[in-house]
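A.B. asks: As annotated in TrEMBL:
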type: ACT_SITE; residues: C:C14; note: active site, nucleophile
type: DOMAIN; residues: C:14-232; note: domain 'Glutamine amidotransferase type-2'
type: BINDING; residues: C:C248, C:C394, C:C446, C:C449; note: [4Fe-4S] cluster binding site
type: BINDING; residues: C:S295, C:D357, C:D358; note: Mg(2+) binding site
4 protein chains.
Amino acid sequence: MLYDIQSDKWREECGIFGIFARQENVALNSYWGLYALQHRGQESAGIAVTDGNVMDVQRGMGLVNEVFRHNLPDMPAHIAIGHVRYSTTGSSLLRNTQPLLVNYSGGQISLAHNGNLTNAHEMRQQLEDKGSVFQTSIDSEVIVNLIARSTKPTVEEKIIDSLAGVQGAYCLVIMTENKLIGVRDPHGFRPLCLGRLGEGWVLASESCALDTVAAEFVRDIEPGEMVIIDDNGVESRSFAKTDRRSGCVFEYIYFARPDSVIDGQSVYQARFNMGRTLARESGFKADIVISVPDSGTTAALGYSHESGIPFAEGLMKNRYIGRTFIQPEQKKRDMSVRIKLNAVASVVKGKSVIMVDDSIVRGTTSGKIVRMLKEAGATAVHMCVSSPPIGFPCYYGIDTSARKELIASSKQVDEIRQFIGADSLHYLSLEGLHASIGHIHEKTLCNACFNCDYPAETPCEGDCANNKFLFEPKAK
Amino acid sequence: MLYDIQSDKWREECGIFGIFARQENVALNSYWGLYALQHRGQESAGIAVTDGNVMDVQRGMGLVNEVFRHNLPDMPAHIAIGHVRYSTTGSSLLRNTQPLLVNYSGGQISLAHNGNLTNAHEMRQQLEDKGSVFQTSIDSEVIVNLIARSTKPTVEEKIIDSLAGVQGAYCLVIMTENKLIGVRDPHGFRPLCLGRLGEGWVLASESCALDTVAAEFVRDIEPGEMVIIDDNGVESRSFAKTDRRSGCVFEYIYFARPDSVIDGQSVYQARFNMGRTLARESGFKADIVISVPDSGTTAALGYSHESGIPFAEGLMKNRYIGRTFIQPEQKKRDMSVRIKLNAVASVVKGKSVIMVDDSIVRGTTSGKIVRMLKEAGATAVHMCVSSPPIGFPCYYGIDTSARKELIASSKQVDEIRQFIGADSLHYLSLEGLHASIGHIHEKTLCNACFNCDYPAETPCEGDCANNKFLFEPKAK
Amino acid sequence: MLYDIQSDKWREECGIFGIFARQENVALNSYWGLYALQHRGQESAGIAVTDGNVMDVQRGMGLVNEVFRHNLPDMPAHIAIGHVRYSTTGSSLLRNTQPLLVNYSGGQISLAHNGNLTNAHEMRQQLEDKGSVFQTSIDSEVIVNLIARSTKPTVEEKIIDSLAGVQGAYCLVIMTENKLIGVRDPHGFRPLCLGRLGEGWVLASESCALDTVAAEFVRDIEPGEMVIIDDNGVESRSFAKTDRRSGCVFEYIYFARPDSVIDGQSVYQARFNMGRTLARESGFKADIVISVPDSGTTAALGYSHESGIPFAEGLMKNRYIGRTFIQPEQKKRDMSVRIKLNAVASVVKGKSVIMVDDSIVRGTTSGKIVRMLKEAGATAVHMCVSSPPIGFPCYYGIDTSARKELIASSKQVDEIRQFIGADSLHYLSLEGLHASIGHIHEKTLCNACFNCDYPAETPCEGDCANNKFLFEPKAK
Amino acid sequence: MLYDIQSDKWREECGIFGIFARQENVALNSYWGLYALQHRGQESAGIAVTDGNVMDVQRGMGLVNEVFRHNLPDMPAHIAIGHVRYSTTGSSLLRNTQPLLVNYSGGQISLAHNGNLTNAHEMRQQLEDKGSVFQTSIDSEVIVNLIARSTKPTVEEKIIDSLAGVQGAYCLVIMTENKLIGVRDPHGFRPLCLGRLGEGWVLASESCALDTVAAEFVRDIEPGEMVIIDDNGVESRSFAKTDRRSGCVFEYIYFARPDSVIDGQSVYQARFNMGRTLARESGFKADIVISVPDSGTTAALGYSHESGIPFAEGLMKNRYIGRTFIQPEQKKRDMSVRIKLNAVASVVKGKSVIMVDDSIVRGTTSGKIVRMLKEAGATAVHMCVSSPPIGFPCYYGIDTSARKELIASSKQVDEIRQFIGADSLHYLSLEGLHASIGHIHEKTLCNACFNCDYPAETPCEGDCANNKFLFEPKAK
């Protein structure tokens, strides 16, 4: 995950896609699939293809349609994997784009990764000590080196062998000359699902990508499962078992598209339920319910449904957001929000408003939106957040937020309310969140950013060291 | 206007912006203003500036943030005008971008135009007969030649002199070395409004652009009004009177952003009312109301409000739409819609659905969406359209739809329902539309595309000739 | 002409090319033809084509192969005209690229121009007074407006009518829907020649472009001649007579390619003769003769031939000169020359050297080269220049050199020698120059930059006004 | 080396540059240095820099000034290395650009390579067997993996350790956080020299790059020598000895710039001598001596000097050669040559001509040039080649010419003469070549392409296998 300063949101790091289909244009399907996953990463994109013999890859900085406008791999192929990525500025380099494509003793292999290894640094060190060199700063290069060094006879076994050593979050799509392989880590941090497209097969981070290429959803890949797809169909192997399944709760709150279904649960229904629960928990009353578009809308509809307070579009979002927007001068207060959002005066004027958003990281943007609504005539703004306060960093995506930057790590709820200038503020309770998602109990989700209960070991390098002063991460 | 085959919508042709402000970075404000008007034209963009002495212009193909990423005019300036444009493929040329900037006997002048002159062809011919040459195919070049040929002493009078000869729709922002001038045609086809930014002034097609640059809305420019802005403030002149005010009704139905207020009427409220009226007129009952996002959403909320049937997000739209998306092969039926929209199965499965959209041009896209909803499990789809059937072409934007391409010009409502596969179909009545917008009577709006009552003469060249077989356009 | 600060040379402004050929790919031939004329202009390029019905034009900034890499007009066509341009930074704008393509009362017309009108400013003013507007700052737009305003019945007569009003230097290629027209001004300042390509015809600034497209040289276009090429062949008209033919002498000295033949005289032979004459005039003796490559080489060979002193390559030029080279910091003395030229120490060490260059404008570069040679071990550098001292500005190209910037306008030859640090310095005499070119007497060439004898009226605006303090231009 | 079909020349593969200088802008100096080495590779360029802590690299496809126009590394730095590359189409990929920059157990290291390892394939296989992965197809990646796997304690020793295993041609510049290291292989196939720039040091493939950055030539790096440059100055180590020094003879014939001095011999003088020797050996008499520009010119001057026959510029070369020139249709015979070269009719008409070129690979281009000269009126063309017949492939660059494509491998000299249509043909003898270069005897140069005497083992894979039918490569 990554913090986006403009929207005050964490960002998902990556989306992955894979296809094995002899009757399809696999590059084109990957293109559409990645387009459907574009919300998971807007910085770079790549597609690798093979015809069973030659492998080729095209990668570039930018949105899917920018990268592939003139560069979609055009060789005949029946296997392809693809990747979209969002990353920090520091490492936003062409050489860090995925999928990787390498030659090794077993032939050619291409790999794309969603997630964050918590022991990547340590594994790189070990590999370097054995003589490996690293040309990128992405975790995929660690995994591919582990595969290349495995002495196991088959590529499947080499992969399993490699994964024994890595910790943290990883969903992988891997392509060899004749196989498409999908892997989900034993905790199941990130989602991965399988679809059927004619005689072929598709793997994708989210089911919305299956819908887009007109593939039929088959099932989620299980935590600790590897699927091997070739001309013989789909073979499943369990390569590890976990005593603690822990899917990222933020996929339901914010990351995934509402039209996706993850681990059996509709994201839309989860968010709608969060809104209903918020209404019951907060008990806020007002003239209208509005959302911070687009991510808060489904929960706002749930709030409206439960409370009977009408939903209205109180904030309009500019639909044409580009990558390198020229930023306002600092002196123009609130300008950065104003460019992207606008209050609808005819909706909010003279009204008390319940505003539903999915999360607050630093709280700066929320404050600007509240002010904008009041300037447009709202008499009161009661803010409801469809997640608990974020008090702890995430180590299973790319976490750049040290704990001290999280407003909820140092402020009580009422202090936050004051900071953002809202008349009321309610965060969804962790119990309410779990009930909304409908999982039987909290142990199937990772909620560490809310309660510091990390399901796996966390890294102890970099400014993690500083975090240690703030809290004691529990081991699993 | 222009037909967009992918969404089955007409497209607005242009948005314009102007600013006179000695304390502001006028180029940067124009940039943000055009960004707020991006929905009015995504094909090209341009900004012209002056410091009272030198004039410069930057124009290019693409979205605002693409065109100006490295090219924002950076000379000191206190006046600027800007333009965004959407046009047909045939004339999507760099040389057709605006603003125009020319030298003429009166000095330098720059001009940007929103609208379509109905006698442009004839005026060009007349000007060519007098020795003018034309380097572009845009109407602005006609106007600027008329200004240059006027024998009146001042630039204001030259402009007024010129406009006496042109017919059709035009809102103009014009920049001289020391003045910013705004003009709205006597029918008021297209919107134009005035705002205050500190000590300076702003003109924009829609009020949402004023909000974005933090300018205060002052008032709409009146039909037949010219405003002249310089260091002495704003001077208003009435340069023509009309016996028939006729603002484009489609600005309320679809073109404008919901957070804009046009001629005193909130676009949001108009659309919300259309939905309420649709509910009353259609009487349709179902489990849920959904919209075709994003343009149908406000009306759908109105329908839900009036009928008491819950609103839900039954269709999700991909937010990352680029300019040159690689299109699916023809054989993949429904694919072009599938890439941009996806049904939310958890919302529509087993439900009867009322689907609200703003308009139907050819009906092809509607059919694909209905099919998508049914495949996702909707038991019935009742379609409500927040406009009457479009039976006649528009001559006041760029109308490329010959009448025969309009499904409502040759099919009855029930035939259209069958064509799109809906279980029911209701179009908003013209009376209902007017009531929703709240204008006192229909004579203040142009409804010609619904009832063939053209408020001004229509052109008789090109394939207009063919239209003559279909209907007899009435003169005003 | 234009001053190039890096090489201390004037630059030719433009090259033009035209083709009428039903059996050829006229766009591709124009591309190759312009490539052969690239030395006449490296800033922008353009090609316009017609199939007798539709006209299209592609223009862009950059070298021929950069502009047309992906953009060569690809419609079927049998007429094309093309243009390359070098211009000052101030007006290096996309909108100033050629050919122009306009609609006027007579249909469509496209035009490309090499030369400089001396009364362009005045003509623009007159046209503006009659109501014309100007979108560019190029002379071609003046001519095209004059054509459009002519009341003559045919396009040929309109062109002739227009040219009656303009003064200065112009070679034109003009394309209508069915004709290719070539024009050379009555003084014949700039070259233009006619070639035969199969059943078709070619016009080009220099014969080297005919060679490149494998066309056969037919003849030079005469001063005051217009050729009209269509399916009936080539028709010639004399549209004006001149009492003073005055081809630019600098075409022979520097501008044209040595493999071109201009007005019956081989450029190579002219330069070779200049070198021979220099040897006789200067009487310099040394160990070797070297040239400042590439333009001084042919004259240096002539010097060697006449004097018997061996020619050697004492300076090597980097062949990979790009447009936007990153310049050295000022502190690095001589660096800007060092990047492009290098002395060959093994050639010059311990040798006295005669260095032949074609011209000196400000003298700054010559000084750096002399220093470079001495640092490489040359014991003496005797400089020979194959033109007389440039003491007066040129008004028939784009002259940006005010007289005061010309070193020879304020310094005697020996002062210049001292300034550049040479041991000796000899300029070719005007008589020697004429004898070398072999024209019967000086009256067939324009030598105004050497002797202030302007063959036509010179303009009196801009900093020309300042020049008036320096000299009294003679009228013809 | 690589065959260039358009000029019928082999192409040098790479140029390298390195700088250690605390008082200089090392990135900018690398830029100018690479620009001076541009003739050694025009396909891609890269510069890596370090400030002793962070390393950064910029690489791209294109000429030096294209790649770095907006991308020159701009961090403060005191060490930099750079690379230019020419390669086959098949592997002209962004991921194959240099310098490589990797992390390994010893920290960061960056490396650029000129040459071709003859056992690269085998070494890759061995490394892959030990678990290495390869992301590129360049030899540098092999070397860097060997360094990373070395167990020696220092980076210098690791490098020496690595080089023990590789065979073939390699000049390397290597950058660590605090050292610049230069290496030349034990045979000295490719050149590398050392220069002094103020308090700093420069390494470059050719001395012309030292001149360009105003560095003073110090000495050539010896075969088998490694120089380590840091704040303590330059340390030299001999890492291997060879029983056979064998500098590439083609550097003198064609690759290097004439203003470079390689291994103590001026390239210019060597070429001049080749021309003199050609005159003596051939005894050809004619009216003039001309060259195929630019590479044949120096030898042609030598021929003229020795024979007393005047030198003239009989062929003109277009100076504006771009990367992706649109090629003529096949039917246009000779067009591809005509675009780049033109005969000067006034020079050659009615003359018998001696034409000097540096080499003939397939002979196709030579034939076109001879024809062009005859069409321009040359009465006879006697061709002199300043190298012996090329009968054997090169394995120490990138050799893509199988032996059967070399015209001299299957045709006698008189057959070649007939093929190219020349009246006479003389190749420089091997003895004459050696005498011209002035090395004491042939054993200090590699002449394998002429006499099949390979100084080191040659590879036996790929179509090398086919070559085996043609000749028996001798081991050293």
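Each position is counted from 1, following the chain as shown.
Glycine too: its Cβ is placed from the backbone N, Cα and C atoms.
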A.B. asks: Quick one: of the binding-site residues C:C248, C:C394, C:C446, which has its CA closest to the CA of C:D358 (Mg(2+) binding site)?
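C.D. replies: Nearest candidate: C:C248.
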A.B. asks: Would you identify the secondary structure of C:C14 (active site, nucleophile) according to DSSP, in three states?
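C.D. replies: C:C14 (active site, nucleophile) sits in a strand per DSSP.
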A.B. asks: Measure the Cβ-based neighbour count of the residue listed as 'active site, nucleophile', defined as the other Cβ atoms within 10 Å of its Cβ.
C.D. replies: 27
A.B. asks: Given C:C449 ([4Fe-4S] cluster binding site) and C:D357 (Mg(2+) binding site), what distance in Å do their CA atoms have, once rounded to a whole number?
C.D. replies: 17
A.B. asks: Nearest to C:C394 ([4Fe-4S] cluster binding site) by Cα, among C:C14, C:S295, C:D357 (recorded positions)?
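C.D. replies: Closest recorded candidate to C:C394 ([4Fe-4S] cluster binding site) by Cα: C:C14.
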A.B. asks: Between the Cα atoms of C:D357 (Mg(2+) binding site) and C:C446 ([4Fe-4S] cluster binding site), find the distance and write it as a whole number of Å.
C.D. replies: 21
A.B. asks: Can you give me the Cα-Cα distance between the residue listed as 'active site, nucleophile' and C:C446 ([4Fe-4S] cluster binding site) in Å, rounded to a whole number?
C.D. replies: 18
A.B. asks: Identify all same-chain residues not among C:S295, C:D357, C:D358 whose C-beta atom falls within 8 angstroms of the centroid of the Mg(2+) site's C-beta atoms; report them in sequence order.
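C.D. replies: These residues sit around the Mg(2+) site: C:K9, C:I253, C:Y254, C:S291, C:V292, C:G296, C:A299, C:V356, C:S359, C:V385, C:S386.
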A.B. asks: Taking the Cα atoms as reference points, how far is C:C248 ([4Fe-4S] cluster binding site) from C:S295 (Mg(2+) binding site) in Å?
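C.D. replies: With distance taken Cα to Cα, C:S295 (Mg(2+) binding site) is 17 Å from C:C248 ([4Fe-4S] cluster binding site).
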A.B. asks: Rounded to the nearest Å, what's the C-alpha distance separating C:C446 ([4Fe-4S] cluster binding site) and C:S295 (Mg(2+) binding site)? Just drop the number here, would you?
C.D. replies: 20
A.B. asks: Among the binding-site residues C:C248, C:C394, C:C449, whose Cβ has the fewest other Cβ atoms within 10 Å?
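C.D. replies: Least crowded of the binding-site residues C:C248, C:C394, C:C449, by Cβ count within 10 Å, is C:C394.
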A.B. asks: Measure from the Cβ of C:C446 ([4Fe-4S] cluster binding site) and count the other Cβ atoms within 10 Å, all protein chains considered.
C.D. replies: 26
A.B. asks: Give the sequence-ordered list of residues that share a chain with C:S295 (Mg(2+) binding site), lie 6 or more positions from it, and have CB atoms under 8 Å from its CB.
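C.D. replies: C:S295 (Mg(2+) binding site) has long-range Cβ partners C:K9, C:Y254, C:D357, C:D358.
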A.B. asks: Based on DSSP, name the secondary structure state of C:D358 (Mg(2+) binding site): helix, strand or coil.
C.D. replies: coil
A.B. asks: Mean pLDDT for the domain 'Glutamine amidotransferase type-2' (C:14-232), rounded to an integer?
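C.D. replies: On average, pLDDT over the domain 'Glutamine amidotransferase type-2' (C:14-232) sits at 93.
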A.B. asks: With every protein chain in view, what's the tally of Cβ atoms within 10 Å of the Cβ of C:D358 (Mg(2+) binding site), excluding that atom itself?
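C.D. replies: That number is 24.
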A.B. asks: Provide the three-state secondary structure of C:C449 ([4Fe-4S] cluster binding site) computed with DSSP.
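C.D. replies: Note: C:C449 ([4Fe-4S] cluster binding site) is helical by DSSP.
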